[in-house]
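As structure tokens, the structure follows; a few thoughts come after it.
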Amino acid sequence: MTKYIFVTGGVVSSLGKGITAASLGRLLKNRGLNVTIQKFDPYINVDPGTMSPYQHGEVFVTDDGAETDLDLGHYERFIDINLNKYSNVTTGKIYSSVLQKERRGEYLGGTVQVIPHITNEIKERVYRSGRETNADVVITEIGGTVGDIESLPFLEAIRQIKSDIGRDNVMYIHCTLIPYLKAAGEMKTKPTQHSVKELRSLGIQPNIIVVRTEMPVSQDMKDKLALFCDIDTKAVIEARDADTLYAVPLSLQEQNMDQIVCDHLKLDNPAADMTEWTALVEKVRNLSKKTKIALVGKYVELQDAYISVVEALRHAGYSFDTDVEVKWVNAEHVTAENVQELVGDTDGILVPGGFGDRGVEGKIVAIQYARENKVPFLGICLGMQLASIEFARNVLGLEGANSSEINPDTPYAIIDLLPEQKDVEDLGGTLRLGLYPCKLAEETNAYNAYNEPVVYERHRHRYEFNNQFRPDMEKAGFVFSGTSPDGRLVEIIELKDHPWFVAAQFHPELVSRPNRPQPLFHDFVRASITNKESK
């Protein structure tokens, strides 16, 4: 029978519930269990697809095209699984589904209420995740903080699941904070005690408490928490700030967290073999070289907006024994006069995805600098579109060339709407989303990176390269090295007379893994290291 683990949070948000859940998932997978994982977000948006990155951080896209929470990126990178649309559920999705059923008459004229209709829908999303993946263990992270009004239906639903399927099949893990008061010189357990009290008042008794802390937690403090929270002392797990995220699974294993989980859920699996993971962490901690990459974006104040890009750069660096330092460059501040000052000290330039016109001209200036100065360049999504526009303007001389998204009246729409998007009015969920094939041209940097004729990558865009400009740009040295299998949609572009200038319409960062870097990122970092060594 499938086992269910629920991870909740208390005291404050951003405690690392997602990393805790992902780390536990890795440990259980290495015990030979089939693990899947999902995130429940209590906000009323249907998904984060139309939310500002300042509000939510990165939108992570799954193979099947779901626009999801950035925690799913952590889940995929840690557990090395590909998640799906059932892996991220919001209040908006739950209510939308219930209201559609009510309109279809599925409730037989009954009064639709939070209990049982909303809670039943939530429970069905939990069970469906296990069914769709045939999982041995389903880990579900409940977003937000215990005590939030928005979280109540989710907490009630997971409380009911224990009654539905039995205590041996359900486990509750509560993540809290033990703050350190510098003035008093001591750590305080009271916020955790009150958070657990709040959770218990809702009918949920945690089986494990994971305490986030800056300082070591003494045995006396663990005993105190165990007493007041009514759990075993060994089930108080310390989650101290780590030098690398990838060390967290090893820390949890040292404290026998995965064994406690298996004992409670009656899972008789051998201990997790973390030999390869330990080697990875040792490598990360002992990188001997450095390279600096400029990330020119519009959301650089909130680095979570580009979290998968940064992780993909780091993964690529690991394979070259190199620590990749990211220099954050606000695209709005980049001009032709200061671009040398802002990116001249870097070994490679990356322009990531984005929407809207803010910061676009600064990105184009940075791209021109990379092209003219032979600096390795990687463009992603909007970065690929702007690389095409920069070439059209400054090499072909098409003054005013632009994207019809940025300037609908441009005389040269190098980037235009996909034909199927012309009459779409809704913004949410209507992009070209998910995994699509890309055919690579031989003897190109893209082909050399992948070493395969056809690859599959994840997309999230509405606009595409306008094919009427392909002949002229090809004549001028612009290479269309990746297209859709029918050749209609441009997927990857690069330059003939440049050591490494590649840009992709898709989002390669989404499939990178710490032990298996994404090929374009791998080759980009290699080119950046070569550039540094040649200076």
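Cβ atoms are placed via backbone N, Cα and C, with glycine included.
The shown structure was predicted, so the numbers you read here are calculated from the model rather than taken from an experiment.
For the CTP site, Swiss-Prot lists Ser13, Asp148, Ile149, Glu150, Lys188, Thr189, Lys190, Pro191, Thr192, Gln193; matching the candidates Lys39, Lys222, Lys224, Lys234 against that entry yields Lys224. The ATP site recorded in Swiss-Prot comprises Ser14, Leu15, Gly16, Lys17, Gly18, Ile19, Arg240, Asp241, Ala242 together with one of Asp64, Asp69, Asp71, namely Asp71. Site annotation for L-glutamine in Swiss-Prot covers Tyr54, Gly354, Leu382, Gly383, Met384, Gln385, Glu405, and the matching candidate from Arg285, Arg462, Arg470 is Arg462. Rounded to a whole number, the distance between the Cα atoms of Ser13 (CTP binding site) and Asp241 (ATP binding site) is 15 Å. Comparing the binding-site residues Ser13, Thr192, Gln193, Gln385 on other C-beta atoms within 10 angstroms of each C-beta gives the minimum for Ser13. For the CTP site, whose annotated binding residues are Ser13, Asp148, Ile149, Glu150, Lys188, Thr189, Lys190, Pro191, Thr192, Gln193, Lys224, the maximal Cα to Cα separation is 31 Å.
Residue pair Met384 (L-glutamine binding site) / Ile149 (CTP binding site) shows a Cα separation of 42 Å. Applying an 8 A CB threshold to same-chain residues 6 or more apart, the list for Lys190 (CTP binding site) is empty.
By the criterion of other Cβ atoms within 10 Å of the residue's own Cβ, the least surrounded of the recorded positions Asp71, Glu141, Asp241, Glu405, Glu509 is Asp241.
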